[in-house]
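Quick notes on the structure that follows.
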Amino acid sequence: MTWRDEIARRVRGEHLRDAPLAPRTAVRVGGPADLLCRPADGDALSALLRAVRELGVPLSVLGGGANTLVADAGVRGVVLRLPQEFPGESTDGDTLVLSAGAPISRLPARAHAHGLVGMEFLGGIPGTLGGAAAMNAGTRLGEMKDVVTRLELATPDGTGFVPASALGYAYRTCRLPPGAVIARVEVRLHPGDVAASEALMREDRERRRATQPLYRPTFGSTFTNPPGEYAGRLVEAVGLKGHRVGNAIWSPVHANFVTNLGGATARDVLALVRLARARVQERFGIALETEVRLLGEFLEEDLEGLDGHAAAGGGPGAASGGVRPPEAT
C-alpha cells in the first residue's frame, strides 16, 4: 500500500491524485499536487495531520489560491484544501464562527444578514477566511486583526480555539504554532448601518476594478508596502511597469501586480520578482518583501535573490515539511 492509499484509507473526505493546481490558484500557474485532500470535518482534519506526521509526508495548505505561486514542478506530498462547507459555523449575537475554507465574501454576507458591520475592509479581497486570517489581510479600511477574536487550530492531537492576542498579529502576518492548521475563524463585529456598510464595500470594489488589473489572472499584490512608501510606485520608478518575461508581465495598470498573459510559468513570474527586488534595492536601498507564498519544488536559481518570507514557503496555517515523500504511486 502506498502512502497515498494509506491516507485515503485513514482520512474521511475527498482525495485527488496528481491534482492540477494552476486552475486552483488566482494567477493560474503551477504544476500538480501528488495528493489533494479535502477532509470531511475537524476529526478528519486531525486524522490527516496525524497521518502525514507518521508517514513522513510533507503537508501544505492551499486556500482560495490568492497570494500563492505554485512551482512548475508542482507540490510533493499532500496539499490540504478545506471545503467551503465545514461543520461548526454559528452566529451568537455579535460573534460569528465560520469555516476557514469559506470564501471571504461569506463573512460580510452573514454579518449583514444579522445587522452587523465592521468588516468593510474585506470588500473585493479574494481568497478564503483562513488565508485572510493567517496573512492578516486588509486595506486602508482595516485588517483581520481588528475583528478576529479567536482561531480554531487543528493539530495531530485534535482541535482547539486560540485567542488572537496569542498569535502575534502584525502587518500582513501572524505567528501560528508550527504544524497547526486553521479550521475555523471567530470574529466579533457590531450592530450598525448595513446599507452604509454595503455602499462602502461597493465603493472599494469599484476602486479596485478601476486601479488594479483584475481582468487578468494575478495573485494580487506582489510586495508589501515599505513604511511610508508604496511598492507599486517603487517598481514603476525603476522602469519595470509593463516589463514582460515570457508570458508574465508587471501590469501596465498597477506596477505591484504580476499578471499572467496566458501560459506563464512560475519561472517567468519569479524572474520579474527578482528583477524588481534587485533594481529597487540598488536605486532606493529598500529591500522589498514579498506578499506571495511559494508552494512546491522550485529550482534554487529561481529562489536566489528572494526574501526569506517567500523562499520559506510557509502559508495560511500550513505545516510545510522538508521530508521528501515515498514514491507517489
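Each residue, glycine too, has its Cβ placed from N, Cα and C.
For Arg172 (active site), other Cβ atoms within 10 Å of its Cβ number 19. What Swiss-Prot lists as active site is Arg172 (among others).
Residue environment of Ser221 (active site, proton donor) contains 20 other Cβ atoms, counted within 10 Å of its Cβ in all protein chains. Annotated active site, proton donor per Swiss-Prot: Ser221, in sequence order.
Shown in sequence order, Asn67, Met135, Arg172, Gly220, Ser221, Thr222, Phe223, Thr224 are the residues of the chain, 6+ apart in sequence, with a C-beta less than 8 angstroms from the C-beta of Glu291 (active site). Taken from Swiss-Prot, the feature active site covers Glu291 (among others).
According to Swiss-Prot, the compositional bias 'Gly residues' annotation covers 311-320.
Summarising the annotation, Swiss-Prot assigns domain 'FAD-binding PCMH-type' to 28-192.
If you look up Swiss-Prot, you'll see 307-329 marked as region 'Disordered'.
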